Amino acid sequence: MSSIDPSFQRQAIDGLDAGLDQIIIGLDGENDNDSDGVDDDIPSGCSDSDDEQIIQSLEERLWYPPSPTNNVVARPKFNLALEISGGGITPSTTSGGDEPSAANAAAAVATTITASGSNANGFSQLEYAALTDGLITNSTSALVKGGLPYNIEFNDVGYMADVQIGTPPRTFVFLMDSGSADTWVPSTQCGAQCGSHTALGSDVSSTFQASGQQWATQYGSGSVAGVLCSDDMSIAGMKLQNKVFGVSLQESVQFSSKTVPFDGLMGLSFDKLSNQGVITPIEALAQSGLVKSSIMGYALGRVADGNNDGEIVFGQADPNKFDPSTTQTMAVSSSNGFWQVPLGAVIVNGDTVVSGRQVILDTGTSLMVAPEPDADAFHAQIAGSQSLGNGMYSIPCTTEAKVFFQFGNAAFQMDVQDLLFQPTTSDLTGQCVSSLSAGTVTDDQTWLLGDAFLKNVYFTTSVADKTVQLSARTDVPDSSSFGKSNSAAAVQALKENTKTGGAALQRRDIGRSKGWGLMTAGGLAAYFARLF
């Protein structure tokens, strides 16, 4: 029933691991001073077997291409290019038609939003600590009606929020995913196979009702299967009675592992993508009258800022977080079920590298993906960039490249810190893995922009209107729109929080993945495996 060839999935992952070899050579055992084959700076309790578990548990976790069932359109599986020549990167001359000059592209832009972040000191120490220590950075954002704190997983890898389900209510941690439509949590009947995550069933909730209707979703190399159920679900204090969703009876290690910090997944795309055949939570809230419209508002935080002001809002956009004078409203340009819109141009250091593309906006994917010729052209404009093979690139951790994405008549600059995924060695001023990789999303004209880009905008979706809105953030100090929709007192408070992090930076160790990441070979491989 799956349209995804499992043999290709394994081949792609194996090829990716091979592409990491030149990075791993500089990591695995680089601090093995006593020749015992173990890095001396890995915290106790982090073993090679832990690496294997991490690799298994994180493979494909943030890029979810569900298999089609009952003619449901599957989330696209992008195929990383398996052969990229080493050495320099040559801009493509076959990316589809003549590209406008930078001057022509700029002429079409009425609004330019800039970001003042810097990589002068290399990869962020805060991001590095979150990566190597496996930390969750809690949001301290003020909330509007329908809003939930949007907590950050590790070094901006994923974004999660708490939702209550059952009677009495139990709190579940959800990965909030605008790129899929199914919602599920583990069943109490799943037992050890679903790991140590919070689970749901009639033994813990008096309002839980299971059905005999089975569902199964293949997420790349990971999979989940179970039955539909109904129970009361409370989202930001809004109670959906007898909401239908899924409970898992089988989970692959990508979801069940103790290294996974969320319990379940909440899909927030169009319900056309649902393998369960039910409406999404935001649609249910709108149909029940708990919200006026099926609107979602996303503000993603950034660990490097020293303050997570992230918020996800059900039913409206938070006016305190975006500059309405910059808002670009775009009709969804595809009926495939994704939040797909036109991408006018991508401009790097003043040169237009591509124009006239399509893009899928996905909070469930950490990084960005572009067709190989486009990704090559992008990196050709960044001094010191290198092809790592298998669709991956490295760029200097100290790069100050200026990257703009044009939507409508506005150009949004990507904070240069977000171009860096993680260092290739423990030298934070050396080479870093780029947050843009090469691969086929749906075709040779479509990009995918995940969290690396979405941190730079306020992202709004409307199911009823079939529109996407992108706006400049007003709660991020590096944005040129900082403070425009906030009171003077609020702006000053944001500045004070940002200076030191202080009380605004709250972290909690999930107790599942302490001490993994850059210092082991498996850590880096695991992170990139999540892209498939």
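Positions of Cβ are set from backbone N, Cα and C atoms, glycine also.
Note: TrEMBL annotation is automatic and uncurated.
On a predicted model such as this, the values are computed, not experimentally measured, just so you know.
Summarising the annotation, TrEMBL assigns domain 'Peptidase A1' to 159-471. For the domain 'Peptidase A1' (159-471), the mean pLDDT of the prediction comes to 96.
Annotated active site per TrEMBL: D177 (among others), in sequence order.
Residues annotated as disulfide bond in TrEMBL: C190-C194. Annotation for C194 (disulfide bond): same-chain Cβ neighbours under 8 Å, separated by at least 6 residues, are P186, S187, S248, E251, F255, S256.
Spatially close to D362 (active site) yet at least six residues away along the chain are D177, S178, G179, F338, W339, L448, L449, G450, judged by Cβ distances under 8 angstroms. The feature active site is assigned by TrEMBL to D362 (among others).
Under 8 Å, Cβ to Cβ, and six or more positions away along its own chain, C190 (disulfide bond) finds A199, G226, V247, S248, L249, Q250, E251. Its Cβ placed at the centre, D177 (active site) has 23 other Cβ atoms within 10 Å.
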